[in-house]
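Data block below; observations after.
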Amino acid sequence: MKFESVLAEADGFGRYQIALVILLAIPRITLPCHFLLNNFIAAVPSHHCDISALEAESTFENLTMEQRLTVSVPAEEDGTAAFCLMFPEPQFNLLLNSSNGTQVPAVPCQNGWVYDNSTFKSTIATQFDLVCDMKGFTKASATIFFAGVMCGAVFFGVLSDKYGRKKLLLVSYMATIIFAVISALSNTYVMFSVFRFLTGFGITGISIIGIVLNVEWVDIEHRTLVGVIGSVFWTLGNMLLAAFAYLVTDWRMLILTVTSPLVLAVITWWWLPESARWLLANGKIEQAHKSLSKCATVNRRGEFASRIKTETLANVVTVDKEGRSYTYLDLVKTPRMRRLAILTGFVWYGVASTYYGISLNISGFGLNLYLTHFIYSAVELPSKFFIYFSLNKIGRRYSQVGMLILTGTCIVINIITPKSFWTFRTIVAVLGKGLSEASFTTVFLYTTELYPTVVRQNGVGYTSFMARLGASISPLIMLLEDMWKPLPEVVFCSMAILSGVVACFLPETLNSRLPETIEDIEQTRCLRMVTSLHLQVSTKNNHNVLNT
């Protein structure tokens, strides 16, 4: 027997699974709030040199603020005050002829900066003066966070396969809360960076464990639905981030605000079940029996629950009798697993690099930052419905390939389209954002179906590591625009299209049972798909199979 047969008899998508999806939705909403938080806490408002020392002169008393800036700060070509330069002495002659300002020598700001607080009360840029020569540190803060996520993927991937999904999920909740609160209390940029790294480290568990726990508890027919629903909650969290940032304009309070839902997640954690698949794969038959019985009872399959036998469950999957611990090395020890690891790692890198390359660069819409972020988030919703039908009709592989290549195509179109066609460029950019999110939705579900239960978290942890590597490099790639304006878009476009081509070589998993062991992967996928269809038919026609 296979696990799908037992789960189908207990109802593979009943009230029990719906409750699980809802419980895991709470922390899922928090994820985009942290992953894209840099758009707001690291925003750089308009600023100019602090001229308070020059204003001490009595001659400034009768001047308006605009006149004071005219005589103290050089003007840019568009007439605005320079961000990083000031005159060493007041240039009162500029009140009569401001065109001579370019001939007056200027020096870097001597006494700090004055910031425009009309949009943000404070950001890390204003708090730690990350402007002018230090402006690169704002984007570096995003890289630091994703570096933490990258390292956390390795940590949680290994330990959740060894100690279970549920325990490590609680560790992730608590670590994220503690480190996020400390980062909000930071009084130096170094302290903020360290704890922002640790926040990324901790929150990774929510990202990679939640989706696996959901998928492992549902039947084949509803795996796509559960995967897409989880992605919808990501989008809702992304949209809420725009609202939170609009209402809370202080960076410290914003961090605390987006972290607060995890307090509720800790409370609801006690109601979460451990993965029955993981329990069986690790020889914990009694606990798996208890969990499946509870599932059947909640799903109103009480009579069937009373017939589940421990002896039957012991033969459901091939269990490692010696209690073997699996590691990342098992991803590359055998030929098919090694090929799978290489291909999925490359695809995840491309998906994340493209998605965050678009998401972390939300200027250029001609709208305010909050509305731009909201539009970029809202456009993800239609893509969820589209990808749901695509995954069920044409399968995982071609959906993944199509979404990545279409995303790259949208970027190409925007590169070659003149900036004067502003409306057309905006439509294409929004379409590209939706397609990139669709590719992310697909790859999460696809990966959980590709890796076997005994190393599934290791596999998702490894691919998440590759994804966060791409995400952490994306902010730095944006700095290449100083060399050539379209260069970042060229890089993201190339990566999207190349990743789509690589995805062509992955096996299809539509209507295929989840692999349980590495031996399942080494078998042909075709054989497993036939077995899966046979299991679905036999389950419907034989309800007494568990009594044999």
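Residue positions begin at 1 at the first shown residue.
The backbone N, Cα and C atoms fix where each Cβ goes, glycine too.
When TrEMBL is compared with the stretches 398-416, 474-492, 493-511, the one noted as transmembrane segment is 398-416.
Annotated by TrEMBL as transmembrane segment, the relevant range among 17-35, 340-358 is 340-358.
Relative to the transmembrane segment (192-213), the listed stretch 168-186 leads the set 168-186, 225-247, 340-358, 370-391, 398-416 in CB pairs under 8 A. Listed as Cβ neighbours of the transmembrane segment (370-391) (distance under 8 Å, sequence separation of 6 or more from its ends, same chain) are residues 32, 36, 39-40, 224-225, 227-228, 231-232, 234-235, 238-239, 241-243, 245-246, 358-359, 362-363, 399, 402-403, 430-431, 433-435, 437-438, 441-442, 445, 510. Residues 13, 17, 21, 24-25, 28-33, 36-37, 39-40, 210-211, 214-215, 218, 254, 257-258, 369-371, 373-374, 377-378, 380-381, 384, 387-388, 391, 437, 440-441, 444-445, 448 of the same chain, all 6+ positions outside the transmembrane segment (225-247), place their C-beta atoms under 8 angstroms from a C-beta of that stretch.
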